[in-house]
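**Student:** According to TrEMBL, the protein carries these features:
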type: DOMAIN; residues: B:31-438; note: domain 'Aminoacyl-transfer RNA synthetases class-II family profile'
type: BINDING; residues: B:Glu77, B:Leu78, B:Thr79, B:Arg107, B:Gln121, B:Asp125, B:Arg272, B:Tyr276, B:Tyr277; note: L-histidine binding site
type: REGION; residues: B:414-438; note: region 'Disordered'
2 protein chains.
Amino acid sequence: MYDQLKGFRDFYPGEQSARREVTDTIEAAAKRYGFREVATPALERTQMYTDKSGEGIVEELYSFTDQGGRDVALTPELTPTVARMVVAKGQELSKPIKWVSTRPFWRYEQVQQGRFREFYQTNIDVFGSAEPEADAEVLAVAADALTSLGLTGDDFEFRVSHRDVLGGLVRALAADPDAVDTADAIRAVDKRAKIDEAEYLTLLEEAGLDRTTAREFDDLIVGVDGVDDLDAVAEAGGEDVEAAVENLRAVLAAADDFGAGEYCDVSLTTARGLDYYTGVVFECFDSTGEVSRSVFGGGRYDDLIESFGGQPTPAVGVAPGHATLKLLCQRAGVWPDETLETDYYVLSVGDTRAEAARIARDLRALGHVVEADLADRGFGGQLGYADSINAETTVIVGEQDLANDEVTIKEMASGDQTTAPVAEFPPEAGRPTYDDYA
Amino acid sequence: MYDQLKGFRDFYPGEQSARREVTDTIEAAAKRYGFREVATPALERTQMYTDKSGEGIVEELYSFTDQGGRDVALTPELTPTVARMVVAKGQELSKPIKWVSTRPFWRYEQVQQGRFREFYQTNIDVFGSAEPEADAEVLAVAADALTSLGLTGDDFEFRVSHRDVLGGLVRALAADPDAVDTADAIRAVDKRAKIDEAEYLTLLEEAGLDRTTAREFDDLIVGVDGVDDLDAVAEAGGEDVEAAVENLRAVLAAADDFGAGEYCDVSLTTARGLDYYTGVVFECFDSTGEVSRSVFGGGRYDDLIESFGGQPTPAVGVAPGHATLKLLCQRAGVWPDETLETDYYVLSVGDTRAEAARIARDLRALGHVVEADLADRGFGGQLGYADSINAETTVIVGEQDLANDEVTIKEMASGDQTTAPVAEFPPEAGRPTYDDYA
């Protein structure tokens, strides 16, 4: 009768248990590095987004006027919200601030494979350090999360770039550096893989590079296929680019120490789309190319907190998006099994509910997942239900069993069954199965 | 610069770690009973709420028209959404369906203690069983969640009522049963404790009871202070009420078997405000009365799925609200500690980053929470940071230590320190501390 909204998803138990396992794994990795969970509102003032990105952003937002006349928007990303939170607490928080949170976000956009209007991300951010170790820790925690999911260096790669290398290079090459719009040029690089060459060169021209210089710029960034190739770029770019190259090298060296070096490739054709990025940026890709889109990305945004009215506070973060990550995990064969699991079904037949309930309670007190009859079913109906929830063991509590001071222990996979003394079932610890009594 | 919206909250790490612990405890209790997690959208069509509750409900909703012209609303509760999901899968789902989910919901209402515009609930529902065991399991899982949080029978009570007892009684007592609006009468009972007597009696009159009958009705429901008192009600109410009383008794008997009986009191002045409830309803209260409002509630809603276009599917559920639950836990002294905890800080001084990083990685591989320097601080600065994150142990990796093939293990609480051989630190398992090396 009522339909779901386009781009919004219902997650039923099988799929959700896999999603929960993936989320828990990512968050556990972040927590091992000392990232602390925060929780944030689903609504913010629309102005927080339009101030940064212009009124045009409203088209991509779920924005409206609330009953109190406030212009509000469903949060399209976490970064502005956590920036607001850092500003609100001022000097009260000890630095570096390390936060993690998993949440849905909302954008009104074209729905396609791996892209929805309601989408989930785990955001991992460090505030208050401009050092290369902060960038490297963000790379390390992302790599740790992915390898904890079962992915390997054959499955994914981080393409690491630097906005100031790109921007500095554009200004150094331009006939008139003052006429160049660096942000526009970087946006052109971000679109490079998604558009054809002519369109790409036109975007660079519009950013202030003539056609020949645009090609020269592109040849330079495409030519970088490793740390050693950065020398040529530094040489072509001059002082600012040299400093940025040095910072990029320092981040990669720290990432090596932190165990993430093997997943990192230098790639100056990586740029990231959002304007607030300032230094090192990176994107995670499927190494096989089967998932053709960027899986997720991250980078530095050193100016955002100050632009929100806070003290100058450098920041760097990463935000694995769960929909594209699922595509990568499925491609690599590590997406968790979606079948339901149940440790015990306690089957009660005849006037045995009190004893069956006692056994269910005792098994739950041992931490097990235990279901029992809620639907007044007979023996066969209950056994069918136990089967439908993949119960590993069914404990049958019949009147005859109890008359013999026993319960029946049935292994569901084999159908084998035996008996156990009811007074000693379940034992005080462990996970009793057919094998313990056979 | 940007402010938070009224009734919306930012949760910083200390408070959030406590909230997470409480959420995990409630969900773990539900999972032990075989409730499976689902995840649901934040937006639904507004019509899903107005169809049931009339256009008036829009005042309480965050509703708007999206860019595609759809009238949508931020979900004010979970029940209609899960009803929609049950209908969508039809006969595909094996019954009973047992779902749990924790999420924020949104209502535009007056902000007060324990009530916010964005509020979190854990919804626990059973679909597909009309048996008393289903109601009783919902009571049992709620009790299990609360006792798992450290609350006891001295802290909380479930006031259990029955909508058909109340409705049947109103019709039985009324001079003209056809002139009675049962739903209005039940809503009056729900408001009883929040309004004065005259106002209450007026509401009952407006529902179709004359003043004398209204008083008679109230005397009857107030007079019930235990299961035994239900006889008088059944007698006054006739056949329909007798059947409802029998159902209520059966639910309480099953709750006894399921270990929840000690938390249940019969209370016919409990009614629940939402119109979709049909049978047993209950509310959880602070036994000391210090938290004066209902902490949360639940009950049967046997007609909702069918009214959504599905097969007749009885249902019963409960939804602990986290804001009022926090008030109860704080009153009872069981709200979790909000301080941050960190297992290790690995302090690197001099040119030791690679070895310090190796130690941090190995400690994380053992599952511990480990931080290291990201801010290029000196010895004192790092030790101060380790203190600010409540590190239990600081592992000092200095050049002199490494020259001696050692690291220094410092117990932060006492300040005591000793050394450990760097080649064997950390060991392959466990949680090495000062005591292991002193």
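Each Cβ is built from the backbone N, Cα and C atoms, and glycine gets one as well.
Whatever TrEMBL says is automated annotation, not expert-curated.
Show me how these features fit into the shown structure, please.
**Tutor:** Within 10 Å of the C-beta atom of B:Tyr277 (L-histidine binding site) sit 26 other C-beta atoms, taking all shown protein chains into account.
For the region 'Disordered' (B:414-438), the residues of the chain that approach it from at least six positions outside its boundaries are 343, 355, 359, 362-363, 366, 368, 392-393, 395-397, 401-402, 404-408, judged by C-beta separation under 8 angstroms.
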**Student:** By DSSP, how many residues in the region 'Disordered' (B:414-438) are helix, how many strand, and how many coil?
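**Tutor:** So the region 'Disordered' (B:414-438) is made up of 7 helix, 5 strand, 13 coil.
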**Student:** Please report the three-state DSSP label of B:Thr79 (L-histidine binding site).
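**Tutor:** In the DSSP reduction, B:Thr79 (L-histidine binding site) maps to helix.
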**Student:** Across the record's L-histidine-binding residues B:Glu77, B:Leu78, B:Thr79, B:Arg107, B:Gln121, B:Asp125, B:Arg272, B:Tyr276, B:Tyr277, the largest CA-CA distance in angstrom?
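**Tutor:** Largest pairwise Cα separation, rounded: 21 Å.
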**Student:** For B:Tyr277 (L-histidine binding site), what is the secondary structure state per DSSP, taken as helix, strand or coil?
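**Tutor:** Coil, per DSSP.
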**Student:** Validating a neighbour-count step here. Other CB atoms within 10 A of the CB of B:Glu77 (L-histidine binding site): how many?
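**Tutor:** A count of 15.
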**Student:** For B:Gln121 (L-histidine binding site), which DSSP three-state class applies?
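**Tutor:** Once the DSSP labels are grouped into three classes, B:Gln121 (L-histidine binding site) ends up as strand.
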